C-alpha cells in the first residue's frame, strides 16, 4: 500500500537567497572538515617525530586511521564539498570500502607499536581512560567493518531486514563509531605525552579541532538518513 506521506528535502521552505546561502555554508563546512582532518593528521605526525621511538609511530598511525581515512571515507558521500560528488554511488561505495580498510590496517599497526613500546618499557597496559577508549574504538571499528562486509555480501548472512533498513543501521552505527573515535582522539590530548608537547592556547586549539569534523559528519548522516518535515498529500 503506497504511503501518503513524503519527506521534504533539506532547505524546504527557505527563500531562494536563504537556500543558496544555506547550501554554500554547508559546502564550506564540508571543505573545512576535509582541511581540518588532514591538518590535524599532519600536525600530530610532526609532533610525534616518527622514528624517534616505538611509541612515536602510534599517534601517527592512529591519526591517519581516524582523523584522515575514516573522516574521508564518510565525507566522500557528501553532496557538498566532496571531490567525488560527481561520481556514481557504486564508485563512492568502493572508495568507502578502501578508506575503511585503510582505517583497520593503520589502527592495527598503531596498536602494535603501542604494545611493543609498552613491553620494551615494561609498563602496564590499559591503565588510562584513553587506552580503554582506544580498545573500545578498535573493537567497534572491527564490528562495523564486519557489518559492512555483510552488506557487500548479503548471502553470507541472510537477514530479514530490508536493504534500506540495513543502510540506516550501518550509517547509525558508523556515526557512533566515529563519535567514539573522536572522544578517543580528544582523550589523547590529556595524556602526559601530549600535554608535555603542546601547551597553552595551542593545546586548546588542538582540543577543539577534532570536534569540527565530528559535527559535520553527524550533520551529514542525520540529514541523509533521518526523516525530516512531513508533507501530507
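Using N, Cα and C of the backbone, Cβ positions are placed for all residues, glycine too.
Noted in TrEMBL for the protein shown:
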- 24-228: domain 'Cytochrome b561' (DOMAIN)
- 24-48: transmembrane segment (TRANSMEM)
- 54-77: transmembrane segment (TRANSMEM)
- 97-117: transmembrane segment (TRANSMEM)
- 129-156: transmembrane segment (TRANSMEM)
- 168-190: transmembrane segment (TRANSMEM)
- 202-221: transmembrane segment (TRANSMEM)
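Contact between the transmembrane segment (24-48) and the transmembrane segment (202-221) is present: at least three CB pairs lie under 8 Å, with pairs separated by 6 or more positions in sequence. Summarising model confidence by region, the domain 'Cytochrome b561' (24-228) averages a pLDDT of 88.
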